[in-house]
């Protein structure tokens, strides 16, 4: 086991504080509409330019082990806020730095760290309660656009695209962000359920111009296994032919005589049919087939259920208003499933999202949820260079999470003003001793930090701005850093989601509380590099 270094008391806190400052100072320059960019060196390719706090935080690794511990703890604040709210990472970092700085001073002056932490926790609870009480619900489309614009650093085009996407796919719908092949940013909305499997044979195509299959009001046969035996498939094909409707077959695979017969029937005009492979793999495939069955009001034919293909009747097949099958995608529009069953399935998937610990599983579950609940919107981000596209994509991601959060819990005045106004809630907090009271004062000072930083990044004097804001008592009155004007921030469209502000404060206080109460630090001793042996003298034998 390698030897360890141990640091105690003030020395430990000083080292940790230095690490916190290095990381926070690099992150906080990005805060606000006039925040600056940070350039990140990449071991390959062009450097990356970003204004996203969590991206900057994740790049920082310090040489000194003890300083690095402090930096990594604050990086955890940014990551946690990003995971929960998707935005507000820079605000969380600024708040954490402010609480840690004030807390370390108090501990150095002889106060009890545990009481300070209790005071900080009480203060945060009171402020969060005040924020929730003053929240406004977001209902109008232009309010959603404003939230997106603010989070995308004043880019109105991004705000508009996000509002349009949310209007079309609903709050549960999936909005994905991709890099465009052109310089133009565009929005594409896929209504209904789409999965990434295309037709098994080009002979199924009904629209040769667009090379796709279009089936109006088809039956949908959902089968879990491979279909190769024609005899098992004949009874259901005959029933569909008699009904005069088209048929979509979704199965693990369709091959051999079964595929040949379907193609021949289609070409002779006897039956309008298309076959596609089932989406996903393993257990996920089973779940997705069940989703399609619920959406179309059919039954997923599976041996687990004891249903044989030859016994399938028309009422076991799903129905849809329209199905479009392209080379690589299948879209089912307006499935005939019952609303209550779809809602039940949505609730079930939501519960699984809450329980899962895997990010990959969560992402896949959210995709399934969106396909059932609304649809999928794709924002393709364009730009002149690869560096510009990546920077813009970061901002679109932030803005997308912020708009979702705004719809969920409502909005507050932006620019750090909501936290400043929530200070009055601290006067009502009861404490048991002077050290807890000091913990509350730490939070009182710390929640000014975002306003000060936004002002300083915009070239103004932070303390003057804070002083002017304190003169007025209206909750929405604040300073717009973009226009350098004072006024009602709700009217000016400078708004932040409650969830983002709340999460930033709670996560910052949580990690800062741990740092304040740290009394010892243990790290591995740096290994001394062995000196390189000298080169032997060159030979003289020539």
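Just so you know, glycine gets a Cβ as well, placed from its N, Cα and C.
Of the residues proposed, 15, 51, 101, 105, the one Swiss-Prot records at the same ATP site as 30, 31, 32, 33, 87, 88, 89, 90, 91, 415, 496 is 51. Neighbour counts were taken at the CB atom with a 10 A radius for the binding-site residues 32, 88, 415; the maximum falls on 88.
In the three-state DSSP scheme, residue 51 (ATP binding site) falls into the coil class.
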